[in-house]
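Per TrEMBL, these features apply:
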DOMAIN    87-145  domain 'Potassium channel'
DOMAIN    182-251  domain 'Potassium channel'
TRANSMEM  14-35  transmembrane segment
TRANSMEM  93-114  transmembrane segment
TRANSMEM  120-145  transmembrane segment
TRANSMEM  166-190  transmembrane segment
TRANSMEM  202-220  transmembrane segment
TRANSMEM  232-254  transmembrane segment
Amino acid sequence: MPHAGLCSRWGGRVLPLLLAYICYLLLGATIFQLLEKQAESQSRDRFQFEKLRFLENYTCLDQQAVEQFVQVIMEAWVKGVNPKGNSTNPSNWDFGSSFFFAGTVVTTIGYGNLAPSTEAGQVFCVFYALVGIPLNVGFLNHLGTGLRAHLTMLERWEDQPRRSQLLQTLGLALFLALGTLLILILPPMIFSHVEGWSFSEGFYFAFITLSTIGFGDYVVGTDPSKHYLSVYRSLAAIWILLGLAWLALVLPLGPLLLHRCSQLWLLGLRLDREAEEALGGTPREGSTAARTQATQDFLAWRRSLRNW
């Protein structure tokens with residue numbers, strides 16, 4: 001069947017690209033972890049030493065000591081070390097966090113709360129982004145191309161029975177509803193519960209993330225007072241990738257669903273009018289001309305929607 005052949009060819013292109021995409025993220029997470037984790041550990045140890053020395057000598061504190069301690073805090077913060085808590089805080093460059101960082105690089109979210117501090121890490125990040133960003137764009141474009149190819153097979157939708165039209169429209173609506181629930185409703189609820197945010201804050205984080213704005217004012221897995229699962233940030237990175245892929249699929253479906261619903265509504269009006277005329281015996285005067293004009297208006301409106 002032509003449709004099966006089209007899906008097979010599309011799948012043959014997307015699956016290798018998806019495999020390369022996942023392998024590239026795993027490679028980035030591994031290298032970022034190797035390049036950054038040791039430097040972070042050294043910075044964390046130095047910060048803890050300076051903080052203990054400050055607490056021991058606070059009775060004879062002078063301005064220079066304060067300035068030096070503030071400088072240490074600022075350097076630690078720039079390198080991703082949270083001044084709160086102690087040296088047992090989770091690493092920002094363990095594998096899960098590194099995978100999360102790799103995902104924010106290739107998706108161009110860039111929260112800004114964490115960045116490579118070593119020269120080797122910065123150089124690698126540049127070349128990693130040069131390859132990863134086009135790879136991410138190509139993957140999302142392939143998803144959109146596959147959906148458009150599938151929608152092209154449905155161009156003869158108006159020629160199908162009304163029952164099939166209704167089922168297809170309900171299927172599209174169900175797909176949109178489930179996708180919205182799984183991508184935009186449940187994850188903010190989970191983030192709100194784990195991070196101690198309100199639902200509005202969790203939804204705000206989800207929107208800012210999936211729109212790739214990435215302000216960095218809300219980032220998951222950064223509170224030192226909480227004990228996160230080791231895979232928490234990795235799961236968040238996977239949610240980001242799935243969310244972006246879902247958006248690439250769903251954006252063309254919104255106008256299509258509205259188009260289909262309006263067509264079904266107009267078709268129902270026409271059938272009701274014809275049923276009333278059949279029950280009334282002979283058609284009312286001018287009904288044939290009115291029906292012809294309504295049909296012409298409907299066809300012109302449909303053509304304008306397609307052009308749009």
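Note that Cβ sites are derived from N, Cα and C of the backbone, with glycine treated the same way.
A TrEMBL annotation is a machine prediction, not a hand-curated record.
Stretch with the largest number of CB pairs closer than 8 A to the transmembrane segment (93-114), among 14-35, 120-145, 166-190, 202-220, 232-254: 14-35.
DSSP places the residues of the domain 'Potassium channel' (182-251) in helix, strand and coil in these numbers: 45 helix, 0 strand, 25 coil. Residues 93-95, 98-99, 101-103, 105-106, 116, 118, 120-121, 124-125, 128, 131-132, 135-136, 138-139, 142-143, 146, 237 of the same chain lie 6+ residues outside the transmembrane segment (14-35) yet bring a C-beta within less than 8 angstroms of a C-beta in it. With DSSP states grouped into helix (H, G, I), strand (E, B) and coil, the domain 'Potassium channel' (87-145) comes out at 39 helix, 0 strand, 20 coil.
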